[in-house]
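Read the structure below first, then the notes.
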Amino acid sequence: MVDTVILWLRRDLRLADNPALSRALSGAGRLVPLYIHCPAEEGRWRAGAASRWWLHHSLAALDRAFRERGSRLLIARGEDSLTELRRIATACGATRICWARRYEPATRATDARTELALRADGLRCDSVEGNLLFEPWDLATEANGPYRVFSAYWRRAVTRLTLPVIEPAPTALPPAPSDLGALSVDELGLLPRVRWDTGLAHAWTPGEDGAQARASAFIDGPLATYAAKRDRPGVLGTSRLSPHLHFGEIGPRQLVRMIADRGLVLDEGPAEPYVRELGWREFAYHLIHHFPHTTDEPLDERFAAFPWREDETLLAAWQRGRTGIPLIDAGLRELWKTGWMHNRVRMAAASLLTKNLRQPWQAGARWFWDTLVDADLASNTLGWQWTAGCGADAAPYFRIFNPVRQGERFDPTGDYVRRWCPELARLPARFIHQPWAAPAGVLTDAGIRLGSDYPQPIVDLAASRREALAAWETIKNQA
DNA sequence: TGCTATTTTAA
DNA sequence: TAAAATAGC
C-alpha cells in the first residue's frame, strides 16, 4: 500500500529548494501537486489584476516543469480550499497533505481552520516553513516581544544567518492522477479581458526559470555596484526579483546561497546592502505576524486622529501619473505600464500622496495592490506605513520627501523622467524635475505648454509640506 | 532609505 | 560667493 500525498501549492511555485515538495516526496508513493484558486478566502486583499496576470503565467510555467518530470499540476477552483482539498483527497485516496505556511491575517486564518478540519477527517497535515529566512516568531527582543525597529531586528537576525543547504529540483516525479476534474490554467480566468498586459509581458518572465535567470544575472552583474546604483531609477541597478520572491518562484535561502557561492560575505562588502533589503522583507513578515491589524490600520495609534483629507480628484491624478511633478508621474506611469516601480520612486510617490496630498495611506496601498506584479501584503503594508509615518520607523521627525530634490539626486540626467514622461523629453536636465520653474522660452523650445501638454503641479510642495508638518503637530503629543 | 535653515569653510 | 558641514525637526 503506497501513500498518496497532496502537495498544496500556494505561494511556493517552484521545484528547487521547496520544503513542502521535499516533505511531500519523503515516503510518498503518489504525489498530487495541486493549486486551488479561492479568491474569496483572501478577503479584502484578494489578488489584484497585475498579480493575477503574474499568477496565470507562473502556474503555467510550474505545470510545464511538472510535466517535464512526468507529473502535472492539478488546478481547482472553489469557494473555500477545504472543500476542494476534501473532494480531491477522497477522489485520489490521499492520506497526507503538505504545504508551506502563509503569514497574512486572512491566509493564516484559512490555513489554521483548514488544518483543523482535515485532521478531524483523519488526514495527516504537514505544514512547513514558508518562503523566508526566519519564521516571523523566530526572533524576539530582550523582553521577548516583537521588534518595531528594523535596525535592531536586523542586527539580531544577522547573528542568526546561516548558509542553507539547497535542495535541487527533482529530475523525475511520480505520475499524478489525471481524472480529478482538474481545470486548465486558462479556465481560472486570471488574464485581463482587455489586453492591457503587453507592457507586463515585455518586462517580465514569470516562473521558476525566469526567476533563476534574473537572480543569476543580478548576482553576477548589478550586485557588485548595488550600493551605488540601487537608488537610481533610470539605471538597471536593482534585482527586480520582488514578484518572483512573492510567488515563491525563488526563495531568499537560494539567493543567500548563490551570493555566498560567488565568494561574497553576507553582512559586509558589496552584498551587504542587498542582503539587508532581503532583511526588510523578513521584517515585513515579522510585523504582519505580530501586528495583523496593520494591513488596514496604523501601527502608531496616534494616527487614528490624523487629519487626512480624502479627495478623489487628487487621488485620480496621482494614480494616472498626472500630478505635474515629473518624478512622481514617471513612477506611476512605470507602474501602470510594467506592473512595477523602482523602490526609490515608490517612497517619493507614497510620500507625495500621504504627506503633500494628505490622502490616507490605505488609498495608496490599495492602488499598489491592484497594479503591482509584486503586490505582497506584508511588504506593501510596511512600505506604506513607513512612508506615511504611522509604521515601524525609528526616525524621530516627520519625514517628507521633496520630489524635486529626490529627482535631482537620484535621476540627475532626467533619463528616467524622459522615458516615462516623453512629453518632457526635450526639457534640459536643469528643469526636468520642475518644469514649472523653467523660463517660458525654455518651455517653448522644449515644445511644452504647461497645463495642456503636461499638467501644472496639482500641489504647492512648500505650502503642503508646512501643512503636513502642522497636521503632525496636532497628533504627535498624544499619549 | 530626509529636508531646510543656518553656520562654517574654502577659494 | 558657494560649497560643505551642522543643527534641529
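Cβ from N, Cα, C; glycine included.
Remember, it's a predicted structure, so these values are computed and weren't measured experimentally.
Site annotation (TrEMBL): FAD is bound by A:Tyr226, A:Thr238, A:Ser239, A:Arg240, A:Leu241, A:Ser242, A:Asp374, A:Ala375, A:Asp376, and the candidate from A:Tyr274, A:Tyr416 recorded at this site is A:Tyr274.
The two recorded residues, A:Trp308 (site 'Electron transfer via tryptophanyl radical') and A:Tyr274 (FAD binding site), have Cα atoms 34 Å apart. Largest CA to CA distance in the FAD binding set (A:Tyr226, A:Thr238, A:Ser239, A:Arg240, A:Leu241, A:Ser242, A:Tyr274, A:Asp374, A:Ala375, A:Asp376): 23 Å, whole number. Taking the domain 'Photolyase/cryptochrome alpha/beta' (A:3-133) as a whole, pLDDT averages 97 in the prediction.
Mapped onto DSSP helix, strand and coil, the domain 'Photolyase/cryptochrome alpha/beta' (A:3-133) counts 62 helix, 28 strand, 41 coil. Shown are the binding-site residues A:Leu241, A:Ala375; the one with the most C-beta atoms within 10 angstroms of its own C-beta is A:Ala375. Remark: A:Ser239 (FAD binding site) has A:Arg214, A:Ala215, A:Phe218, A:Pro222, A:Leu223, A:Tyr274, A:Glu277 as non-local neighbours, by Cβ distance under 8 Å and separation of at least 6 in sequence.
DSSP classifies A:Trp384 (site 'Electron transfer via tryptophanyl radical') as helix under the three-state reduction.
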